[in-house]
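Q: Straight out of TrEMBL:
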TRANSMEM  A:6-24  transmembrane segment
DOMAIN    A:6-80  domain 'Glycine transporter'
TRANSMEM  A:31-53  transmembrane segment
TRANSMEM  A:65-83  transmembrane segment
TRANSMEM  A:90-108  transmembrane segment
DOMAIN    A:92-165  domain 'Glycine transporter'
TRANSMEM  A:114-137  transmembrane segment
TRANSMEM  A:149-167  transmembrane segment
TRANSMEM  A:173-192  transmembrane segment
Amino acid sequence: MRFIEVVDLLGTIAFAVSGALAAFDKRLDPFGIIIIAFVTAAGGGTLRDILLGVYPVSWMTNMNLVYTILICVVITFIFRSFLLKLRTTLFLFDTIGIGFYTVVGLEMGLIAGLHPIICVTLGCITACFGGVIRDILVNEIPVIFRKNIYATACLLGGGAYFIMRKLGVPEGLNFPVAAAIVITIRLLAVYFKIGLPNVYKKVDREE
Amino acid sequence: MRFIEVVDLLGTIAFAVSGALAAFDKRLDPFGIIIIAFVTAAGGGTLRDILLGVYPVSWMTNMNLVYTILICVVITFIFRSFLLKLRTTLFLFDTIGIGFYTVVGLEMGLIAGLHPIICVTLGCITACFGGVIRDILVNEIPVIFRKNIYATACLLGGGAYFIMRKLGVPEGLNFPVAAAIVITIRLLAVYFKIGLPNVYKKVDREE
Amino acid sequence: MRFIEVVDLLGTIAFAVSGALAAFDKRLDPFGIIIIAFVTAAGGGTLRDILLGVYPVSWMTNMNLVYTILICVVITFIFRSFLLKLRTTLFLFDTIGIGFYTVVGLEMGLIAGLHPIICVTLGCITACFGGVIRDILVNEIPVIFRKNIYATACLLGGGAYFIMRKLGVPEGLNFPVAAAIVITIRLLAVYFKIGLPNVYKKVDREE
């Protein structure tokens, strides 16, 4: 559990910064910024805990996580003019976050003894739903439906974990490699502008 | 429980097809289609399980449900050009889904020993909230607030169940009749364009 | 617990009326009005119960709460033309609601033995998230992100509770004073048009 706690912390930092930057971008007030940073960092894990029935949900008894998010918001606030200039910063932190969180969610599913497909799904939920709830709250189309590889990267990284496991790769190597695969796929996909294949011919949209 | 499992499966198929069709309609990518199909089919039941405290939520330990949804997405995909031509297909599958899911949710409430009003509410939640979450994710006005009989059909079917029960109708007959009532009311309401009564006179909208 | 039950009831009434008025304002059908009133009154407490793992969530085994909400909807409906004329009525009921609910949520956190920061957060969630879910359902920007003191009032009231507690103020006095502080701060903030400080200089919005 030691390694996974470090990964969880890194994911929390990445997502709290990413959430705070998104909230600055939307010009929310200080309180709104804290909420969005918190939801982005803790939302996916909260949904995972609720689905698994882990109570009380992790951030409730983990003050370190709460303080980490608050400190991230303050630091992001101080360096915001610097961070906002770098158009790619928000994207980078978000990508690092989904890589780490996919592994954390997957690990939780393994501990609960669930089927590999469900474990990978939990990884995706942990990684993606903080961002989804954030987008719903600020009234944007959720990140997973925008036209690029996002949840798909989590799926592939999660799948790679189980293949490596079958091949006998030790856990200590397996988890960081799976996180690296998620991050690499998303980075490459955005760099080379790879999206998922379009499955539609011209069909009139009907409601 | 045997009968209710069959009903649950039929509802899952109907909603997975309905969700996949809605996602095609919105031109989501393949991954988005799977998510929307899954949320539409499993969302209402997941919320019901969360509210009841049934853990882990049903789809987590029920791989058949997961496979059923995936197969439905593939089949819907193959026949999509055919299905999309039939404007009424999406509506029909959705209507069959709410009929079956109302009964499943109601049954779960009965097993938990809850008050009839709460049981009917759970039936409505099971039937309607998959669609509500789907609509929130694709940024539409949730289905229950569009101007037609939807949740009302679930309410009436759920109410009919308890009346039939009081009258001594056996369970085996009671459940399918309640589902049929939900489906019939919705079909008739749409066919004859019956909406709920408008309760407003001209009043200026104030914010 | 006696006092907290009265406070809970008052908050429920205030929020049910506030929700029903908001639904009238949106011209929803009768069923939609009941759903919105219910979600506004019970949504925050439901999320709190889910996060804490209190099952089944409170309204499921509390028919008095269900009947209270239904009666409030009917009474609000009868007097709607009168209530809608008073532009401030919706605001007043909403404000009274957040005051009472902040105290109820905080109390639940104390009973669960959680950290003061988490208790205050639970107070905010209980008070604010019914309104947030209501706003998401009717497709508005959630109330906590509109530019005025809202959740901040809950935070300050919750903080005041713990300061008074440290100072040895008895519980029976502490709770009503904390609720009064929340209500007073929000009333004063709106009356004097006080918002949270704007933390932005001119920065181009980037997506």
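Heads up, the Cβ atoms here are built off N, Cα and C, so glycines get one too.
No curator has checked TrEMBL annotations; they are predicted automatically.
Describe each of these features in terms of where it is and what it packs against.
A: A Cβ distance under 8 Å defines the sequence-distant neighbours of the transmembrane segment (A:6-24), meaning residues of its chain 6+ beyond its ends; these are 32-33, 35-42, 45, 64-65, 68-69, 72-73, 75-77, 80, 83-84, 89-90, 93-94, 96-97, 99-101, 103-104, 130-131, 134, 138, 175-176, 179.
Looking just at the domain 'Glycine transporter' (A:6-80), the mean pLDDT is 86.
Long-range Cβ contacts of the transmembrane segment (A:31-53) within its own chain (Cβ-Cβ under 8 Å, at least 6 residues beyond either end) map to 8, 11-12, 15-20, 22-24, 59, 65, 69-70, 72-73, 76-77, 97, 101, 104-105, 108-109, 112, 122, 125-134, 137-138.
Non-local neighbours of the transmembrane segment (A:173-192) in the same chain are 3-4, 7, 91, 95-96, 98-100, 102-103, 106-107, 127, 148-150, 152-154, 156-158, 160-161, 164-165; each lies 6+ residues outside the stretch with a CB under 8 Å from one of its CB atoms.
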Q: Helix, strand, coil residue numbers for the domain 'Glycine transporter' (A:92-165) per DSSP?
A: 60 helix, 0 strand, 14 coil
